[in-house]
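Database features, via TrEMBL:
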- 32-194: domain 'TRPM-like' (DOMAIN)
- 322-595: domain 'Ion transport' (DOMAIN)
- 766-802: repeat 'NHL' (REPEAT)
- 909-945: repeat 'NHL' (REPEAT)
- 1009-1045: repeat 'NHL' (REPEAT)
- 223-246: transmembrane segment (TRANSMEM)
- 321-341: transmembrane segment (TRANSMEM)
- 361-381: transmembrane segment (TRANSMEM)
- 401-419: transmembrane segment (TRANSMEM)
- 425-446: transmembrane segment (TRANSMEM)
- 467-489: transmembrane segment (TRANSMEM)
- 562-585: transmembrane segment (TRANSMEM)
- 616-635: transmembrane segment (TRANSMEM)
Amino acid sequence: MLSMTIYFRGIAHNTNALPLDEVTGTNVGINRKSSELVETIYLAYCKQYLTSDNELENKRKTEQSTIVSSDRSTSSKTMELFGENKVEKLYLWFLFMNRPKMAEFLCSICQNQTTACLLAVDIYSKAAQKDKKNRDTLIQIAYEFDEHAKGIIDECFVKKSSLAIDIINGKATEFYDYAPLVLAKHADSKAFLASDTVQKYLNDKWYHHFDDQRQLLNVNTSFWIMLASFIFPLLPIASLFFPSLYKEYSLKPKKKINKSIQCRPILSHERISTDEKARNESFPSGRNRNSSKNCRIELGDLMSSMGLRIKYFYEAPVVRFYYYVIFYFIFLTLFSYVLLVDYFPLNRNGAKRSGIQNLPIPISEFILHIYMLNFIIDEIYQVYISDKWIHGYFSNNWNRMDLAGIICYLIAFITRFFVSESIFAASKILMSIDFIIWCIRVLYFFTAYEMLGPKLVMIYRMMKDTFLIFVCFILVFLLAFSITSWSLLSTKNQITWLYSINGSLINFTIADENKVLSNWQLIRDVFNWGIWKVFGQVAEPYNDNNTDMEVVSENDIYGTFVFLYAIIFVVISNVLLLNVLIAMFNETIGDVIKKSNMIWRYQRFFLVHEFSEKPILPSPLSIIYYLVRFIIYALCRSKCIRCFSIKSNESGENNIENNFYQMNVEKEYAEIYWKSKIFIKNIQLSTEKTLQRLENKVNGDNDHQLQHFQDVKNEIRETQYLVSRRLNLQWISQRLTISQTIIPNIPANANWVQNGVTVAGGHGQGSATDQLSSPWDLFVDDDQTVVITDQGNHRIIQWKMGDTNGQVVAGGKGAGSRLDQLNHPTDVLIDKETDSLIICDHGNQRVVRWSRRSGTTQGDILLEYISCVGLAMDDQRYLYVSDDDKYEVTRYQLGDKTGTLVAGGNGTGAGLNQLNKPTNLFVDRQQTVYVSDFNNHRVMKWTKGAKEGIVVAGGQGKWNALTRLYWPNGLFIDTLGTLYVAEQGTHRVIRWPQGAKEGTVIVGGTDAGVGANQLSCPHGLSSDRHGNLYVADYSNYRVQRFSIE
């Protein structure tokens, strides 16, 4: 115990410990007990670093008082000062002492490990604010613990998703009952808030009791909710007429169960059923009574179900979001109308306003003021419910913008009641500024969408990091050029030289000082002369009507130097600085794109959190909600508190049991994470460093053998060349037949059997091995094995010829970004040389490779941060990837991260050098790329090295005419150059001969259906060497084979 005491005494004086405000009692003498010192420091750290609300603070104080009393009686035992939960308290101690590796080890063996990691994030984030010198190091440690929290909770999510949701919804009993989500929000744990678990929780919360996975008429639930909200605002149309949009279990009436009769039945189920049947047969009148009673019960259940649907409809944050969007745009429309045509001084002369005599202000402006009053009440309510009141409110930039808009409005509102031209002008200017602020506020709604949300961060960072720096540079050159140029140009207007007839100088005069030389107009003139040069405008002359002053760059000494200055300034501003700005923008954009998925998930957390707490009624109707809520609160305050306390006591025992179960299972799953992700990684890193040192030593000892090694290598190359020349022709022929691209030899007059055969799926939507869920694309191997991107199940599944069940060969472990997971894969191909699958992992914005060898459990990443949709590989094993975010197709050499642009890349559009959502690809033997230009309803052909493509099919708009295409997807080319395309919009496969003006339907073409001769939104299309067609029948959850006749 003496060694432990010495250890704590030494670590208490650790100079690397986290910064701590001055605490009395830490100056120890030689006789001071180390336990008392550690106790004082520990309690001081807890007080300063642990986030607390009233409940948590009271619990911690109670525990700390217990620690103090315990330590007074047994101060010789230093470890007893931590009381119970020694591992958890030691973990906090090592965090405070800034020993992250030791804390990491203790975290791996403590309880509530997710919360423990989040506490570390919070603690190190606070320390970074206090210690500016070591700020970067502390932030990096906080980031590592944030990743640990994400990894642990996602490991739990993979093993048991419901448990992971319960963990983040519950409280950590071993760490002062902290709620993980509240702690993550306070600590700004970006990685944790962007985890799959939190996103699943947010998705459930966003849609509430709506089933977001369900489709009605092949349209997602979110679309129907949006449609009902916009067409019938404030009316629960979706809940009344679309009950199928709800989750089934949500609509079942909840039955109260009496715990006192929860006993095992003595009689068997068969015996009870027999007795009831006999009893019903003996008493038919009773059966009739029961029947009528059942009818009443069913009617009551129906009404109860309808009431629940209406209640759930208004409670869903997604519904509130759409309502707020609708009414916000109504507010902007009203604001625009008032500013443009209905904003006048206060009516004091008895005139009409809005057609009413003596009305002080127009009715439209009055409604606008009601809107603004609601906004002010909303902001007060947000401050009230904020975690840290004023500080928590101002930590959000959007709240700051709201406050700026409210302040501008209040000043404009007050000044508009003063009937004075200057004051009214100030009022209207402030109202116009206020309108600009509220228009910009619309951008906040974009955070609900993954495509738009990260762009807001991109714009903000460009303005903050690059634009301000650019402005500082340009202002220096602008002031230098403008002042010097203007001083030279205005000289003739300021000084008049008087000469005699023979040319000798007589005298000079200067202009009136008050008129020309010094006034506020001069500052504007100087700035105005130079600022437009930045944008390339060099118009002359300049006339000032106030001073009758004309400034012209004449061909004299002044004008010559102004001309030279202008050339230098335009070169610097337009060529040098603007290109530097573009380069900085590109760097910012690239950085944001890399983290776009995490950024959007992080933004979405706060959006869902805000709209789950917003009033049901949007402004200006929310004032009714606040009034009703205040009345209910005032009348029922004491009763509500009493009911709340009773409910809390009833649920306390169950919570203890659930928390105990959650802690143990979480610890078990977390152990898997620590072993697989951290400890093994550290061992590998250590091993790599050791091997590197050995390699360097070997290389250093054998430098003299390098020349000999080079000679031997050259001899080996010559030998290999000679051996290759002796290879027999049969082997070479076999090698040439191993081609990456299957180009079938199909006769020009070929026909296909119209009734397809289901070769995969066909048993409805599901995740079983005989089912598919939204098959997107497919690849047919030489042995007619079909490899399918089962997008809805986030997996790749293969079906061998004649099999009734498929085999999952990649993914299948739910949507996620781990190496053993996929997220909405959209395309797959087989790399025959390495016998591996190359997969377009669209949801994770990456391209991955999975070996086809048995035992493969995860893939490796080939390309990252690319919004890939389609894949193709030529015979030289170049990989082609279509990117629907950049509207381009890029070719990569396997192993390289930088590719070569082969199609598009000039933004979205319908030009011959543009694409609009490129999807599927096909590459022939000449490296010509065929692209399905989805939103342009055409197929483009790009020869190698071409700057523009050629439209080979469609391109005349969408329709079912044979001269047009409607959302083309899968495609391939045969040896005759004939194009085969699967059309999603017309549910058919069309054949388009080379050079033809129209195509012919070869499969489908009728309405969407489930028949053998029908398709429903076909996506993928492929062929085997014999010319048989394979179609990924997306909405029928199957793959159909149409045999060639």
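Each Cβ is built from the backbone N, Cα and C atoms, and glycine gets one as well.
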The transmembrane segment (562-585) and the transmembrane segment (616-635) contact flag, 3+ Cβ pairs under 8 angstroms: no
Paired segments the transmembrane segment (616-635) and the transmembrane segment (401-419) in contact, 3+ CB pairs under 8 A: no
Tally of DSSP helical, extended and coil residues in the repeat 'NHL' (766-802): 3 helix, 17 strand, 17 coil
Dominant neighbour of the transmembrane segment (425-446) in 321-341, 361-381, 401-419, 467-489, by Cβ pairs under 8 Å: 401-419
Non-local residues, at least 6 beyond the ends, that sit with Cβ under 8 Å of the repeat 'NHL' (766-802): 742, 759-760, 808-816, 821-830, 837, 839-840, 843, 850, 870, 920, 969-970, 1019-1020, 1022-1025, 1030, 1032-1035, 1037-1039
Residues from the same chain, set at least six apart from the ends of the repeat 'NHL' (1009-1045), whose C-beta lies under 8 A from its own: 218, 742, 744-746, 750-766, 771-780, 782, 784, 786, 788-789, 799, 920, 969-972, 974, 980-984, 987-989, 1002-1003
Distant-in-sequence neighbours of the repeat 'NHL' (909-945), which means Cβ under 8 A and at least six residues beyond its ends: 739, 741, 743, 777, 827, 869-876, 878, 880, 882-884, 887-889, 902-903, 951-958, 964-973, 979, 981, 992, 1020-1021
Secondary structure content of the repeat 'NHL' (1009-1045), with strand meaning DSSP E or B: 3 helix, 17 strand, 17 coil
Average model confidence [pLDDT] within the repeat 'NHL' (909-945): 93
